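Inspection log for the structure reproduced underneath, given as structure tokens.
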Amino acid sequence: VCVCVLRTRTMNSTIYEEALAKNIVIVSLGLVINFINGMLVVTFFSNPMFSRDSRYILYIHLVINDMLMICLSVTLYVLTYASQLVNASLCYTLVFLGTTTFMITPLNLAGMAIERFIAICKPLHHTQICTPQRTHIFICLIWVVGAMPSLADIIILLSVQPISLFRSTVLCYTFSLFPTKHHKDRITASQVICMSLVWIILMYTYCRVLFTAGKAISKGSANKARSTILLHGVQLLLCMLSYITPVMDMFVAPFFPVHRTKITFFNYLITNIMPRLLSALIYGVRDQRFLKQMKELFACKIIIVKIVPSKL
């Protein structure tokens, strides 16, 4: 009996240490990524020139959306470890916002590709079409479109469950919150339609920019726009990595049943957390004007911090 109790305590201690380590890694990465993204946001608002350019407005909206998504994702991850059952209202709110921010990423990428297409293929109309006001309206529209699937989930849920559900406690997992076949069909349909539409937009704009680059006398800006749209495709692939998480868990985990939780954690890390860092750096580091402003802004602050203590 004593041996069994000792083994049980050792096992529980190991599980606790593993869970603690995972949460520390996730929270630390979330803080680091949001700190880097926060530097990009500060850089954007430090120069009024960026707020007058639709390209930078869409870019910084993508960064802010990624920051929100990281906060919500990390909160849900820690919450599921901290408490098995969570208040339903809190859980549905977090899942609603998390799903919305996830849907907004590909829609924002499509908008960025369209903006580059207009800049290269319709340069005379770019300043009239891609104004800051219209860009802000577009951002509002993609938030509405991004929220529609989550609203549909809530409506379907209310049609089959009493409203008292929101005063109860639930397992805060998507498959537990929306278990009906209608929800599964809605999720599949919305994801397929959204991703297909975005891929069509990216391929069309890339082909048109490629055609324009072949005819242009000065090919520098056209080639740069073509490379930018290619990066949109790469970023969309990073965004779509989260779709393969269940597939990887289903096919990889059975081969290593002892390490199932570690495999699930690694999949979550690679497909949900890391792309949020790469997507921001792809544009922030690549854009020379934005990078120059960021270097001037933060290099100046670092110099001031070093000089002030030395004087004291």
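Cβ from N, Cα, C; glycine included.
Quick look at what TrEMBL annotates:
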| type | residues | note |
| --- | --- | --- |
| DOMAIN | 36-278 | domain 'G-protein coupled receptors family 1 profile' |
| TRANSMEM | 24-45 | transmembrane segment |
| TRANSMEM | 57-80 | transmembrane segment |
| TRANSMEM | 92-114 | transmembrane segment |
| TRANSMEM | 135-158 | transmembrane segment |
| TRANSMEM | 187-207 | transmembrane segment |
| TRANSMEM | 228-245 | transmembrane segment |
| TRANSMEM | 265-285 | transmembrane segment |
Restricting to CB pairs under 8 Å, which listed stretch, 57-80, 92-114, 135-158, 265-285, is in contact most with the transmembrane segment (187-207)?
92-114
Highest Cβ pair tally under 8 Å against the transmembrane segment (24-45), stretches 92-114, 135-158, 265-285, lands on 265-285
Spatial neighbours of the transmembrane segment (57-80) far in sequence, C-beta under 8 Å, 6+ residues away:
23, 26-27, 30, 33-34, 37-38, 40-41, 44, 50-51, 86, 91, 94-95, 97-98, 101-102, 104-105, 108-109, 111-112, 115, 132, 135-136, 138-139, 172-173, 268, 272-273, 276, 279-280, 283-284, 287
Looking only at the domain 'G-protein coupled receptors family 1 profile' (36-278), what is the model's average confidence as pLDDT?
81
